[in-house]
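To start, the structure itself, in structure tokens.
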Amino acid sequence: MILYLASGSPRRAELLQQIAVPFTVLPAPSIDETPRSAEAAVDYVRRMAREKALVGQARMPTPGAVLGADTAVVLGDQILGKPADDTEALAMLTQLSGTSHQVISAVCVCSEGRQAVRHTVTTVQFRPFEAARLEVYVATGEGRDKAGSYGIQGLGGALVESLSGSYSGVVGLPLEQTVELLEWADIPYWQID
């Protein structure tokens, strides 16, 4: 069965490649990513992953399974998405500096008229940083397309003091849950040519 990745994220593609899953990338789905009133962060992220997979399913050129995913950074009850600009990125990182926050990642697989969603919640502790140091990081541009304005797998790893949970979930695709869903949909991994 063909697996389609409904995402423009190079990090998600890299994580699927890491577990040797053959897949084809579909264009990133365009959906309304506005949280609903009183929607819990976990419910929001799961809904986004499901909606991305369903939009991807409608765009499949041939029958197969579609994987959609979403990640959000949550500080208290505030969902921090991708920054609109460097000013917003600096504001987000300033909020996160020296604090503990959650990174919620969800993955959905739609296959043969069925769908299943799994998620992870990872606690990330940031080191405290002065504004000048955060400005240097923002200027690298690394966090511009990332929830919470940082990339743990790159330069942003220096912002992190510790984490408890799924490292791959913080990157953008929780591999344990992804493998569970691939098995559920009978999609092989570890396909080394």
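Every residue gets a Cβ built from N, Cα and C, even glycine.
What Swiss-Prot records for this protein:
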type	residues	note
SITE	R11	site 'Important for substrate specificity'
ACT_SITE	D70	active site, proton acceptor
SITE	T71	site 'Important for substrate specificity'
SITE	Q153	site 'Important for substrate specificity'
Item to check | Cβ contacts of the residue listed as 'active site, proton acceptor' (under 8 Å, same chain, 6 or more positions away) | outcome: V45, R46, M48, A49, K52, S105, A106
Checklist entry - In DSSP terms, helix, strand or coil for R11 (site 'Important for substrate specificity')? => result helix
Item to check | Those residues of the chain, 6+ apart, with a Cβ under 8 Å from that of Q153 (site 'Important for substrate specificity') | outcome: R11, V171
Checklist entry - Near the Cβ of T71 (site 'Important for substrate specificity'), how many other Cβ atoms are there if near means within 10 Å? => result 29
Checklist outcome for this item: Counting every protein chain shown, other Cβ atoms within 10 Å of the Cβ of R11 (site 'Important for substrate specificity') number 20
Checklist outcome for this item: Reading the DSSP string in three states, the entry for T71 (site 'Important for substrate specificity') is strand
